[in-house]
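> Structure provided below as structure tokens; questions to follow.
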Amino acid sequence: MAERGGDGGEGERFNPGELRMAQQQALRFRGPAPPPNAVMRGPPPLMRPPPPFGMMRGPPPPPRPPFGRPPFDPNMPPMPPPGGIPPPMGPPHLQRPPFMPPPMGAMPPPPGMMFPPGMPPGTAPGAPALPPTEEIWVENKTPDGKVYYYNARTRESAWTKPDGVKVIQQSELTPMLAAQAQVQAQAQAQAQAQAQAQAQAQAQAQAQAQAQAQAQAQAQAQAQAQAQAQAQAQAQAQAQAQAQAQAQAQAQVQAQAVGAPTPTTSSPAPAVSTSTPTSTPSSTTATTTTATSVAQTVSTPTTQDQTPSSAVSVATPTVSVSAPAPTATPVQTVPQPHPQTLPPAVPHSVPQPAAAIPAFPPVMVPPFRVPLPGMPIPLPGVAMMQIVSCPYVKTVATTKTGVLPGMAPPIVPMIHPQVAIAASPATLAGATAVSEWTEYKTADGKTYYYNNRTLESTWEKPQELKEKEKLDEKIKEPIKEASEEPLPMETEEEDPKEEPVKEIKEEPKEEEMTEEEKAAQKAKPVATTPIPGTPWCVVWTGDERVFFYNPTTRLSMWDRPDDLIGRADVDKIIQEPPHKKGLEDMKKLRHPAPTMLSIQKWQFSMSAIKEEQELMEEMNEDEPIKAKKRKRDDNKDIDSEKEAAMEAEIKAARERAIVPLEARMKQFKDMLLERGVSAFSTWEKELHKIVFDPRYLLLNPKERKQVFDQYVKTRAEEERREKKNKIMQAKEDFKKMMEEAKFNPRATFSEFAAKHAKDSRFKAIEKMKDREALFNEFVAAARKKEKEDSKTRGEKIKSDFFELLSNHHLDSQSRWSKVKDKVESDPRYKAVDSSSMREDLFKQYIEKIAKNLDSEKEKELERQARIEASLREREREVQKARSEQTKEIDREREQHKREEAIQNFKALLSDMVRSSDVSWSDTRRTLRKDHRWESGSLLEREEKEKLFNEHIEALTKKKREHFRQLLDETSAITLTSTWKEVKKIIKEDPRCIKFSSSDRKKQREFEEYIRDKYITAKADFRTLLKETKFITYRSKKLIQESDQHLKDVEKILQNDKRYLVLDCVPEERRKLIVAYVDDLDRRGPPPPPTASEPTRRSTK
């Protein structure tokens, strides 16, 4: 095999064995040797994705000559793809994660074994299939009559009709599939007939070959005496070829042993045989060249005596002569230790017959299988499968979750666990679920870990495995393994007694499951089968009921849909449930003898039961007889309660049929409210409050749960609101109690609590911490209020005293001793406590008066300063406005003078310059002599020259207009007239003389005039054609049929002057008409008058 490089740093190269094989082929073939096939570089070994289940390699093909088609053998099984070729890169969800080795030995298959809905596998042989090259959509209707479309192959659905594909009705699909099935059956019959014919032809060919072999043997017997010398050389060549073939066989056997795991089945030792086919026509010498083939043959045993074997056969070229010798002589047989492995890699392409597409195993999704929403891909029945990829059969059972080992568990469990996987004692003791991590080793022995669910690989041991190892170390069970061989995986029904101790303790919870929950558990779907040719599927539930499901419209029906009525295949599908068939297969495959796993489970369960019995005996030593009797009585009570509950449920079911659902739901909600069912609890915890109420049976189990969920949603908010209001009301009552107590703000909480501990309002606050917080808050508010009241009272006394002093009109020179005598009888004076405070307030009042006087003076000075500043600012603004106004007047005056100078200079030019042929330099000398020249002194030299040029251009334009007016008035001028002809007519006219003295300039102006007139005439003629309604898009066809239509058009146009102007150029006029007609024909019919986009016209 070619060595695979890393990231592309090394080129592709062949090993010596491949080069030697290519050289041998070049020597043995007469024509040019086939080139060695370039080995395609695949991904690195650890990055290579696992092959899909349908591409698993099987037994290698039988030996045959290279590059030649083998004879047909009807007993030969279908050939798999040639070995050595890496599987194709699959989609991302089928690719192996980094550092994950390919599946070998007993490793679990990768998750890619289950095809996703987006990539349906091929159909089984013989099943009617749609045309592979044609995309077909089927039109169907929903129960309410709405039309939708779905792809018959990919199951994709849409409300709108797809474009560019074939669309058929639902009623047309079934006949088409039936016709295809008939065609396939005919093709299979023809293929079988051809196979029989080929087998007969092969038998005849073998008989002929035997006859030829006998004739050759006789000829060889006659010629062997003459070829003894050549026989010695032949023996030497055979010995060399044999040694070389043995070396190649050993190299390839070693490569196979390294690249594939060794199966556990035994096989006879392979052999290396050398056969020498000879062929000699008459008595002449002929050389027969054969190819050396090294192949591993695996024969399928047809009887009990036949066993698979592998052999390495080497054929060498020989030169045969006449001699009495057998046809084929076995030279040597060398036994080799050769394990049964996958077929070796083929370094060159070998044509092989196409392998038949096998039916998909039970794990894969058959055609038209679309999983139900929220349900995983269902495994049929017990979900067992046989992987027949080598000469041995391996039975793989599923885990408790209903999936194969190594596969990701389903998102929503759909199938009840019906099989048990062989587990270690540690798993039986502590683990309640299969671990997601698996341990693997690389080629160099390094350990890594792979997660079957997340497809993640890591070098470090996960925490889950570490905890599992710790649990294994704690558990020490005296269980010895009877054999070192791996235990086969069994399919056993689950037994609660075989579960670990932890699960045994949880059994009472399982016994508490009500009849409604058990019925709901049984009503879950367990299997599904699609109906060919329709979007419907048949679904079986755990209670043996059948309903129909449409994954396209997400519609489920208990009754059979209209398009499935009267179909025999649907009746057959319903009569043969796949899960029951899987149970029967499981019973057939199940081994009757007890295994090591069953013995271990029995020992563990017996030891656990024994421990529990000992514990119960120790606890109930005093009353063993009473306990047993009580247990019997309890069992009887439980049975009687169950019977009574079943009778009540049956009676309630009859009553439910009478009372409307809304009334029953309302009564059920009232019961929940009356019984005080908490909105923050679960259905199981609150069930004991309502289960004995007669209204409990008004609804079935499903409706009870739904109403309870609605009640919880609405009642939760109400309870929160009530709880909040209750807490707020308790706080308000507590505050009122503190206000009524009128305690000293300096009191402590302990004193307050001791005094009011028996008050109901005190007890309404549950936590002492909350009571203390409310008390501290109230005390802080009281203290703050007291402080604010004291401050306010002091401010009022002060303001009243100041008012008293202000009434006596005091000034800064007043004395307290004199003022005191005047105000001491006033109550506002007496309100101040001490005389020192009164004197201090008096001094504050005098200082305030003095400050007020000073502040008034300062305010007056500031007011005067502001007035003066505003006057100065106003004066500056007036001066600025005056200066701007003066400047504007000066600018206007200058502009007026400048305009006056321009007018004077233009008047000067009008009087002095009459000819347009003069220059500025000559005219300037003449203008200087005029007195008006000085009036234009304000103009610059460039401005005067610019005005002169404008004056000259005006004169030239005026003369040109007069000249063209002269040409227009000359009726003899046509579009084809020349200057020589026109010159004779207009040369005496003053306008022609004044235009220019240069005849060349006149001719140039005349030619420009004719050109402009010609362009204008053509434009006017096109406008005339558009205005002529007689010319339409049909005119071209009419003109092609007869020239009369064109003559009619010209006759109509002759009445217009725009047509007559072009009389001098009739050919050009005819071209314009034809071009317009072609344009109308190209545009086609005109759009209707209401069209909003006239540009969208149909073009031919």
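Cβ from N, Cα, C; glycine included.
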> Labelled asymmetric dimethylarginine in Swiss-Prot - which residue from Arg28, Arg567, Arg828, Arg914 would that be?
Arg28
> According to Swiss-Prot, one residue in Arg41, Arg746, Arg771, Arg991 is annotated as asymmetric dimethylarginine; name it.
Arg41
> Run through Arg30, Arg155, Arg554, Arg761 and tell me the one Swiss-Prot describes as asymmetric dimethylarginine.
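Candidates were Arg30, Arg155, Arg554, Arg761; Swiss-Prot attaches asymmetric dimethylarginine to Arg30.
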> By DSSP, what is the split of the domain 'FF 4' (898-954) into helix, strand and coil residues?
44 helix, 0 strand, 13 coil
> Ser640, Ser836, Ser935: which of these modified residues has the highest Cβ count within 10 Å of its own Cβ?
Ser935
> Give the residue counts of the domain 'WW 3' (530-563) per reduced DSSP state, in the order helix, strand, coil.
2 helix, 14 strand, 18 coil
> Per DSSP, what is the helix/strand/coil residue tally across the domain 'FF 5' (956-1012)?
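With helix first, then strand, then coil, the domain 'FF 5' (956-1012) has 42 helix, 0 strand, 15 coil.
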> Just to verify a number: CA distance, Ser935 (phosphoserine) to Ser836 (phosphoserine), in angstrom, no decimals.
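Ser836 (phosphoserine) has its Cα 100 Å from the Cα of Ser935 (phosphoserine).
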> At the level of the C-alpha atoms, what whole-angstrom distance separates Ser640 (phosphoserine) and Ser836 (phosphoserine)?
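Approximately 100 Å lies between the Cα of Ser640 (phosphoserine) and that of Ser836 (phosphoserine).
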> Could you tell me the mean pLDDT the prediction assigns to the domain 'FF 5' (956-1012)?
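Mean pLDDT for the domain 'FF 5' (956-1012): 82.
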